Amino acid sequence: MDNLEDRKHAQMLEILNSTRSISHYDAKTLKSLIPQILVTTILIFPNIVVGIIYAYSAILIPQLMEAQNSTDPDVLRVSKTESAWITSSAMLSMPIGAITGGIIMDSLGRLNLLKLMVIPCIAGFAIIATAVNVPMLIAGRMLTGVALVWGLNPGSIYIAEISRADVRGPLSASLVLNLSIGMVLVMIKGWFLSWRLVAWLSIIYVAIFIILIMFIPESPVWLVSKGRNEQAKKSLEWFNKYQPQLEHKLVTYSEMQLSALQKEHLLKTKQNEQMSGSGFTKKLKMFLKPTGYKPLLVLCGQFFFQQFSGVHMIIFNGVIFFQAMGTNMDPYLASIYIGSVRLVMSVVYTWLMKRCNRRLLMIISNIGMAISIALSGLFTSWIQQGTTTHTWMPVTMLMLYFVFAAIGVMFMPIMIASEVFPLAIRGVSQSIVSAIAHLLMFAVLQSYYALDEAFGGSSGLQYFFSAMCVAGLIFSYVFMPETRNKKLTVIEQYFANNTVYITMPKCDINCAKTSKQDNTLVESLDTKN
C-alpha cells in the first residue's frame, strides 16, 4: 500500500512539475462538461430574477403615472421626483449589498450567498406588491437591489472558478442570457398585468432556485482556500464524474486538480504571510499592488462609460423614453422589442465569446452604438420638428443600438470583472467593482430628467449618449486588456507588468512568459479553467 501511495505521489509531482499543463489530461468531451453545464443551468433562475429587478421600474413607473388621473382614493400619488427615486433606489442599496456580499462570499462561500439572496428578494417583492405609499415602494426596491447583487456576483465568480478555460466565456455569457430573459418576461407581464401581480409572480423563480441549488457542490477553489480539502476533493469528483481514468496513470484527474490547488493555495499563503498586518490590512495591500488597483481602475472606467452611454437609462425608463421620442408605436410594445433584441443578442454574445477577441468586440460595440444612437437622435428631432413621418426609424435605430450594446458594452465589463483579480481578493474586488458600477447607475438614473432638460429633450440626450460611446471607444482601445482564452494567472501577470495595452510589444500580447514557479501556478489554475 505504501509503495502504491509513493508511486502515486511521485507521479503527481512529475505531472505538476512538468511543462505540460494539467488541462492536457482533460478528456475535453461534451460529456465531461455536463456537470459544468448543469450548474450553469441552475444559475438561470437567480439571473432571471436579476433581470426582473433591473427592468421592473420600466413597467412600474408608467403604470403609476397613468393612474395619477384616477379618482380612486387608493391610487398611489407619485411625483416626477418620487418616480426617479423609485427607479434608482435599487441602485442605491446595491453598494451595501455588494460589500456585504463580498464578505459573505469570501467567508461562507459562493453558493451560500446565493441561498441568502432569497431573503431580501422575497421580502422586497412582497413589500412592493403590498405597498400603500411611496416609502414602501422605495424600501422594497432597495431590498431587491441587495438581492440583485447577491444573486449576480457569486454566480459569475463560481462559473469562472469551476469552468474549463475554453468554455468559461460562453458559460459566463449564458448568465447574461438569463438576465435578458428576466427583462423580457417582466416587460411582457407589465404589458397586460398590474405591477403588484408581477411582483408576486417574481417570487416563483426564487422558490425554484432554492430547491435546485441544494444539488450542486461548492466551488473547490474556495473550499481549498478555507482548508476544507476533503470537501474540495468531493466537489472536484462531482465536476469530473465523466472524466475517464488517465491512461498509464495511477492518479485521477480530480486528484491532480486538488494537488495543484493546494500548491497554489500554499504559495499564495506564503506570499500573504510575508506581508505584515491583519487580514484586512493584507487585502488592502493587495489592492495597492498593480495586480489590484490596475484592473480596478480599468473596470471603473468601463462601467463609467457603460452607464453614461445610456444602456441602462433607456432600459429602466423604457416606456417613458419611447413616449418622449414621439414615435407612434405603443411604448410597451417598443420596450418588448428592445428587450427581445437584447435577449437574442445575449445568445449571439454567448457564441461570440467562444470565437472573438473581447477587445475587438468592445471596439465594434462602441462604434456601432455611437452611430445608431446618433441617428436615432437625428430622426427624433425631425419627428418633433414635423419634417418626417418615419416615426418608426428612432425605434429601429435603438434596436440596432442595443444589438451593438449587447456584443460588448452592456455585458463585457461584468464578465471581465470575474477574471482580472487575484484569487485572494477576487470576492471582495468583485463586490467593490459592483458597488462602484451601481453607484454610477444610481447617479445616471437619478439624473434622467435633469439630463433630458439640460440637453434639450430626447434628441439632445441621445447625442450625449453617442459622445459617451466615442469616449468609451477610446478608453477601451487604450487600456482594456485581452482576456479571451487566457489563464487567470497570465491575466494577473499582465497587470503586474503593463498599464496601457496599446504600448505592449507584440510578443508580450501573444505569448505568456513565465518562470518555473509561475508555471506551477499556471498549471494549478487549470483546475479553475
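Quick reminder: no glycine exception, Cβ is built from N, Cα and C everywhere.
Listed in TrEMBL for this protein:
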TRANSMEM  37-64  transmembrane segment
DOMAIN    39-484  domain 'Major facilitator superfamily (MFS) profile'
TRANSMEM  84-105  transmembrane segment
TRANSMEM  112-132  transmembrane segment
TRANSMEM  138-159  transmembrane segment
TRANSMEM  171-192  transmembrane segment
TRANSMEM  198-216  transmembrane segment
TRANSMEM  296-322  transmembrane segment
TRANSMEM  334-353  transmembrane segment
TRANSMEM  360-383  transmembrane segment
TRANSMEM  395-416  transmembrane segment
TRANSMEM  428-449  transmembrane segment
TRANSMEM  461-480  transmembrane segment
Top partner of the transmembrane segment (296-322) among 84-105, 171-192, 461-480 - counted as Cβ pairs under 8 Å: 461-480
Residues from the same chain, set at least six apart from the ends of the transmembrane segment (334-353), whose C-beta lies under 8 A from its own: 55, 58, 169-170, 172-174, 176-177, 179-181, 183-184, 187-188, 191, 314-315, 318-319, 322, 327, 361, 395, 398-399, 402-403, 405-407, 410-411, 415, 484
Proximity verdict for the transmembrane segment (461-480) and the transmembrane segment (360-383), three or more C-beta pairs under 8 Å: yes
Cβ-based contact of the transmembrane segment (37-64) with the transmembrane segment (171-192), 3 or more pairs under 8 Å: yes
Segment proximity, the transmembrane segment (171-192) to the transmembrane segment (395-416), 3 or more C-beta pairs under 8 Å: yes
Stretch-averaged pLDDT - the domain 'Major facilitator superfamily (MFS) profile' (39-484): 84
